[in-house]
Amino acid sequence: MKILLTGAGGMVGKNILAHTKSKDYEFITPSSKELDLLEKKHITTYLKHHKPNFIIHAAGIVGGIHANINNPVKFLVENMQMGINLLTAAKDNNIRKLLNLGSSCMYPKDCDSGLTEDMILTGELESTNEGYALAKITSAKLCEYINREDSEFQYKTAIPCNLYGKYDKFDENNSHMIPAVIKKIVTAIETGKSEVEIWGDGEARREFMYAEDLADFIFYTINNFTKMPQNINVGLGQDYTITEYYKVIAKILGYKGTFVYDKSKPVGMRRKLIDNTLLSEFGWSNKVDLESGISKTCQYFLNEKNND
């Protein structure tokens, strides 16, 4: 099977390609220069030339709360354009199977736990990443519409919880929470800081899955695509407080300082726990526990840092 993987240079893409099962398939992994997803005619030409059997859409403009608040236009427009362009070009080229990666930010902000796939578009979105969420919802809905118009097409959406792991961005201003905290605590250790600041009161809860597990789910899905639901949550079914994540990371890195809370800072949704019922029925569950995943991620960061 020939698979086009968009976003091959990102964390999810790199984890897919590093997975032991990747060698069983022929992957096409264009960079954004080789395949500009903001230009539909480029995509059409590329698909006609390479003729993939299956597409995994993992490309996107991503970032943590800082980046989403500061760049709402970019997060909405570019993510939406990439999704619409790729999906419609794939349909035009008669590519029958496509796995679209969504995000748990697609869910309403007031539905804090037990988020089921049918809750999409049932309430107001969290304002701090609304643009990104709208783009992801648009792609998921477009997948549904394409299938509805022609049942020969199977365009489906996986909705992972928050991710972390190897190949992530470790930048306090533009990264997701876990890599940002790892970098923050490593810096505190190196500079002898006795305190580390946490945004908010530390009681907001988040569900984070090791990205290697998502790659494992994707290979399971490729082999069981017909029985995969239209939209499916992919997560642990368990969450932790922000403070608990800080404590686990501090323990692994050996940081002995204290945490202080800046309650004037935004924290996003208070809770965002997805429901794993359909995932369990589909027959997949995650393999890597939180402490093991964070330990591997810390080691990856330190290795990369020492090699710079």
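Cβ from N, Cα, C; glycine included.
As given in Swiss-Prot:
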ACT_SITE  TYR132  active site, proton donor/acceptor
BINDING   7-13, 101-104, LYS136, 160-163, HIS176  NADP(+) binding site
BINDING   LYS184, TRP199, ARG206  substrate binding site
SITE      SER103  site 'Important for catalytic activity'
SITE      CYS105  site 'Important for catalytic activity'
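Cβ atoms within 8 Å of the centroid of the Cβ atoms of LYS184, TRP199, ARG206 (the substrate site) belong to the same-chain residues MET177, ALA180, VAL181, ILE198, ILE242, TYR245, TYR246, site residues excluded. In this structure the residues listed as binding substrate are LYS184, TRP199, ARG206; their two most distant Cα atoms lie 18 Å apart. Ranked by CA distance from ARG206 (substrate binding site), the recorded positions GLY13, SER103, TYR132 have SER103 at the top as the closest.
Other Cβ atoms within 10 Å of the Cβ of CYS105 (site 'Important for catalytic activity'), summed over all protein chains shown, number 23. Taking Cα separation as the measure, PRO160 (NADP(+) binding site) is nearest to CYS105 of the recorded positions CYS105, TYR132, LYS184, TRP199. Under DSSP, CYS105 (site 'Important for catalytic activity') is assigned to a helix (H, G or I) in the three-state scheme. Note: the CA-CA distance between CYS105 (site 'Important for catalytic activity') and GLY13 (NADP(+) binding site) rounds to 20 Å. The DSSP secondary structure for ARG206 (substrate binding site) is strand. Annotation for the recorded positions TYR132, TRP199: lowest Cβ count within 10 Å of the residue's own Cβ, TRP199. Residue environment of GLY7 (NADP(+) binding site) contains 22 other Cβ atoms, counted within 10 Å of its Cβ in all protein chains. Around GLY10 (NADP(+) binding site), taking its Cβ as the centre, 19 other Cβ atoms fall within 10 Å, counting all chains.
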